[in-house]
């Protein structure tokens with residue numbers, strides 16, 4: 001143990017404030033396979049050296065406090081402290097740098113995303129010595145990830161449950177998101193599922209409001225999907241949002257969904273909280289329910305480049321906490337999402353092993369071992385003209401979700417669903433025949449219009465719709 005980090009009581013106690021870097025900046029440290037590693041984008045206050053700022057992040061997110069305390073002598077800081085082990089500049093940003101911090105595994109409760117985040121992204125984000133702080137990535141070691149159940153079922157089990165293979169799944173968010181009665185809501189669900197969609201969805205803020213109580217919605221939606229299943233011969237689902245004001249109420253809704261025999265429920269995992277989400281995920285695995293996750297509130301946390309937390313971290317947290325689907329941006333629609341960044345965290349959701357790749361924002365190699373994968377959901381401002389790009393970008397293991405792009409069809413909900421299903425089938429067939437969807441996608445859609453009047457009408461309505469804004473989150 002070096003003199004700088006000696007903590008034995010025999011050394012004696014000297015009160016006062018000391019530099020964080022004397023204890024928590026350790027560039028000679030060799031990271032362990034069991035360490036949780038973090039990459040922080042740090043913007044220190046003027047005059048604060050990078051080493052001191054990086055050490056402050058390590059200290060305040062682990063064992064440190066602002067002054068020396070005599071109880072330091074009652075434990076071994078070398079065993080429990082976080083360490084800033086590397087600092088690298090951010091190209092083009094003179095006042096920013098990336099601080100790499102290693103945390104010993106014993107700092108965290110097993111199977112608890114709540115505890116993990118309370119430490120790593122807790123009080124340190126309000127630290128006065130820092131102008132801004134952003135958590136860019138985490139490396140979760142197998143020794144820790146194996147303490148989590150993870151997704152209730154995962155990609156392959158979901159495909160087996162639905163008996164659907166070789167293509168992305170199709171969904172639709174029912175609109176208007178608020179104000180419909182339960183019966184009219186169920187009617188919209190039925191029309192969309194009958195037209196060819198695999199799923200329909202409650203919007204994230206549909207819970208149990210005066211115009212539509214949750215139990216009524218659940219009953220009418222279950223009736224709609226059973227009727228659509230009988231007519232189409234396909235397994236259908238509706239994401240019944242179980243999010244509620246208390247965990248007890250959330251579980252009551254999930255239990256009722258199971259009693260209705262529906263295949264899937266939904267949760268808003270950030271507004272609902274990780275403790276509630278993990279509780280629901282465990283119930284879903286035990287009772288055969290798929291779990292769709294909405295990321296409402298994520299942009300409050302992840303959209304600013306200098307402060308907060310990147311969505312790739314929230315995606316990893318969700319995979320550990322549990323969910324079979326999660327919204328992940330579209331690249332081409334109305335919501336934020338640069339292509340390489342989006343594909344980086346899509347791989348972190350789906351794959352077992354993801355190599356470090358800074359060109360896609362992946363700071364650490366991530367080994368999920370046997371944890372099931374999560375289907376990314378592309379949703380937000382997409383329509384039939386986006387189908388070739390979405391198929392090419394996200395591949396088969398995804399859910400493509402068209403709300404306005406289904407319900408906005410001039411002939412109604414069912415024709416809107418038909419248009420999306422025909423466009424998807426045409427794109428998948430063209431891809432399987434070796435055609436380049438990135439180059440020939442529009443031609444593929446136009447050809448399909450010749451034998452689908454529903455698709456032709458949709459193409460005419462949305463031919464001029466574009467969302468041309470620069471992305472904020474870029475590499």
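Just so you know, glycine gets a Cβ as well, placed from its N, Cα and C.
Just so it is clear, the model here is predicted, and its values are computed rather than measured.
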Residue among 325, 327 sharing the substrate site, where Swiss-Prot lists 123, 173, 177, 295, 379 as binders: 327
Apart from the site residues 201, 203, 204, the 8 Å Cβ neighbourhood of the Mg(2+) centroid comprises 173, 174, 177, 202, 205, 206, 239, 241, 266, 294
I need the CA-to-CA distance for residue 203 (Mg(2+) binding site) versus residue 175 (active site, proton acceptor), whole Å please. 8
Could you check the binding-site residues 203, 204 and say which one's CB has the fewest neighbouring CB atoms inside 10 Å? 203
The correct three-state DSSP answer for residue 203 (Mg(2+) binding site) is coil
